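Q: Have a look at this one.
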Amino acid sequence: MTTTKRPIALLILDGWGYRENTHMNAIYHANTPVLDRLNAQYAHGLISGSGLDVGLPDGQMGNSEVGHINLGSGRIVYQELTRISKAIADHEFEQNPALCDAVDAAVKAGGAVHIMGLLSPGGVHSHEEHIEAMCRMAVARGATKVYLHAFLDGRDTPPRSAKGSLSHFDDLFTTLGHGRIASIIGRYFAMDRDNRWDRVSQAYELITQGKAKFQYDNAVTALEAAYERNENDEFVSSSAITDSEGKVASLNDGDALIFMNFRADRARQITRSFINADFDGFERAVTPKVNFVTLTEYAADIKAPIAYPSENLVNTLGEVLQNRGRTQLRISETEKYAHVTFFFNGGKEEPFNGEDRILINSPKVATYDLQPEMSSTELTDKLVAAIESAQYDVIICNYPNGDMVGHTGNFDAAVKACEAVDACIGRVVDALAKVGGECIITADHGNAEQMTDETTGQAHTAHTSELVPFVFVGRDATIDEGGKLSDVAPTILHLMGETIPAEMTGKPLIHVKE
């Protein structure tokens, strides 16, 4: 006999922070009658999703990967940014075996050391201080041909802010006496995660062959030309930078290629294009045999040396539910599917026993301000059906809209995105009420609550460090103040009457009144 479940749903509203300032605050200006009603009727508060509370440096804005790892693991997880920065400060980085082996092999073969990654101080996917440390280490170990392939940000940083970084690295290479910036391209192309291989192929051709839409003798000149074409950092077309003899850099057999992004989701596709023998995303004109190293683990099926392998997280929420014989569902759109699965499970790719997954394709549009509702209606259709099926104890769902549309910098579209999500929440809450279920509504980090940079006047496309909402739609309860994302998993187990494993250092935030 099938037991009917009374589920607890965790709705993660991606990029949905709380901000007192209402100026260009898309969440404040959106018409959200459902959330307004829930906040009036049910216990609610604010929790932290940034900085030290999620294992990032003090004051560092949160991000989706970090947020979901903390949400799912029930503990503060020391993030890769902090871990690698500490290794650099302690002079351990320059002795890292995977990095040293790749550089030494290239030097011995008379080859080049190619370093690629998001050249940004954003700290979300990478940090330019890590890239600088890698450049210094390569030269210190005898590399005379060091080529930096810079992916430009403008998403976790202001839209036109790359000039300072490029100038700094030009100066760095002059100081080191070796190396140069070999190419620049926007992250829109190099860091796609939605199988838009036509974008990734442009980055691949740029790095392997120096084949580009544009060619310049200086990276800053290339950037200024992109701005003249009305391309912000994120969207800069492939631009090869020539040396003093007018030659472009190319990737050749025996070279080292080191990928300096520490966040996995937007690093996977381009990595597979370099290392998978059976790769079929696009036609590769050349496939040089290189020593490829990833800074962190991007996926279990990516077979390359890893400078900083993942630390094993035991007894995450998913694992505890499996071990207690509970059922669970993970559901989101393409853009955040990895977050409710891989990241929520502490970096584990395979589903746990009793864990089902539903993937809804994100719309195929150039940027999500063109369709701010994204695929939220279809996502909610599937979610409501899953709730009504009464076969899951716990449901984890991510609505990407606030973050993905917030990143475009389009205020009006972000308002529409928030309104679309609010309508969907209404349907989910109604479905849960019919089966006696309960719901926690929260976010992984802020974004849509700040759509303009108060200092520069530019569009604000990055995440924020604001607190995020925490609403319990269920029994009469109180909510503790001062919570953080790592308190959410223990809270769910507490509501289910389950014991909380010792590995979870977070504390239950919700206390049901007797």
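Here the Cβ of each residue, glycine as well, is placed from N, Cα and C on the backbone.
Below are the features I grabbed from Swiss-Prot:
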type     : residues                                                                       : note
ACT_SITE : Ser64                                                                          : active site, phosphoserine intermediate
BINDING  : Asp14, Ser64, Asp444, His445                                                   : Mn(2+) 2 binding site
BINDING  : His125, Arg155, Asp156, Arg187, Arg193, Arg263, Ala264, Asp265, Arg266, Lys336 : substrate binding site
BINDING  : Asp403, His407, His463                                                         : Mn(2+) 1 binding site
Q: Counting across all protein chains shown, how many other Cβ atoms sit within 10 Å of the Cβ of His463 (Mn(2+) 1 binding site)?
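A: Looking across every protein chain shown, the total is 31.
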Q: Write out, in the order they occur in the sequence, the residues of the chain not among Asp14, Ser64, Asp444, His445 that have a C-beta within 8 Å of the mean position of the C-beta atoms of the recorded Mn(2+) 2 site.
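A: Here the non-site neighbours turn out to be Ile12, Gly15, Gly49, Gly62, Asn63, Gly67, His68, Lys336, His339, Asn398, Asp403, Ala443, Asn447, His463.
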Q: Nearest to Asp403 (Mn(2+) 1 binding site) in three-dimensional space, by Cα, is which of the recorded positions Asp14, Ser64, His125, His445?
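A: Out of the listed candidates, the nearest Cα belongs to Asp14.
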Q: For a quick check of packing: other C-beta atoms within 10 Å of the C-beta of Asp156 (substrate binding site), how many?
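A: Excluding its own Cβ, Asp156 (substrate binding site) sees 21 Cβ atoms within 10 Å.
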Q: List every residue in the same chain as His407 (Mn(2+) 1 binding site), at least 6 positions away in sequence, whose Cβ is under 8 Å from its Cβ.
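A: Looking at Cβ-Cβ distances below 8 Å from His407 (Mn(2+) 1 binding site), excluding near sequence neighbours, one finds Gly15, Arg155, Tyr368, Asn447, Thr461, Ala462.
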Q: Spatial neighbours of the residue listed as 'active site, phosphoserine intermediate' among the binding-site residues Asp14, Arg193, Ala264, Arg266, Asp444, His445, defined as Cα within 10 A: which are they?
A: Asp14, Asp444, His445
Q: Which one is it, among the binding-site residues Asp14, Asp444, His445, His463, that lies nearest to His125 (substrate binding site) by Cα separation?
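A: The smallest Cα gap between His125 (substrate binding site) and any of the binding-site residues is with His463.
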Q: Tell me the Cβ contacts of His445 (Mn(2+) 2 binding site) under 8 Å, same chain only and six or more apart in sequence, or just say none.
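A: His445 (Mn(2+) 2 binding site) has long-range Cβ partners Asp14, Gly15, Gly17, Gly49, Ser50, Met61, Gly62, Asn63, Ser64, Val66, Gly67, Asp403, His463, Thr464, Val468.
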Q: Using an 8 Å cut-off from the Cβ centroid of Asp403, His407, His463, can you name the remaining same-chain residues around the Mn(2+) 1 site, in sequence order?
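A: Not counting the recorded site residues, we get Asp14, Gly15, Asn63, Ser64, Arg155, Asp156, Gly402, Met404, Gly406, His445, Asn447, Ala448, Thr461, Ala462.
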Q: Count, for each of the binding-site residues Asp403, Asp444, the other C-beta atoms lying within 10 angstroms of its own C-beta, and report the residue with the smallest count.
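A: Relative to the other binding-site residues in Asp403, Asp444, Asp403 has the fewest Cβ atoms within 10 Å.
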Q: At the Cα level, what's the spacing in Å between Arg266 (substrate binding site) and Asp444 (Mn(2+) 2 binding site), rounded?
A: 18
Q: Rounded to an integer, what is the Cα-Cα distance in Å between Asp156 (substrate binding site) and Asp444 (Mn(2+) 2 binding site)?
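A: So the alpha carbons of Asp156 (substrate binding site) and Asp444 (Mn(2+) 2 binding site) sit roughly 15 Å from each other.
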Q: For the residue listed as 'active site, phosphoserine intermediate', just give me the three-state DSSP call.
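A: SS state of the residue listed as 'active site, phosphoserine intermediate' = helix.
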Q: Same-chain residues six or more away whose CB lies under 8 A from the CB of Arg193 (substrate binding site)?
A: Asp265, Arg266, Arg268, Gln269, Thr334, Glu335, Ala338
Q: By a 10 A CB contact count over all chains shown, which of the binding-site residues listed here is most packed: His125, Arg266?
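A: By the 10 Å Cβ neighbour count, His125 comes out on top.
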Q: Could you tell me which of these recorded positions, Asp14, Ser64, Ala264, has the fewest other Cβ atoms within 10 Å of its Cβ?
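A: Ranked by other Cβ atoms within 10 Å, the recorded positions Asp14, Ser64, Ala264 bottom out at Ala264.
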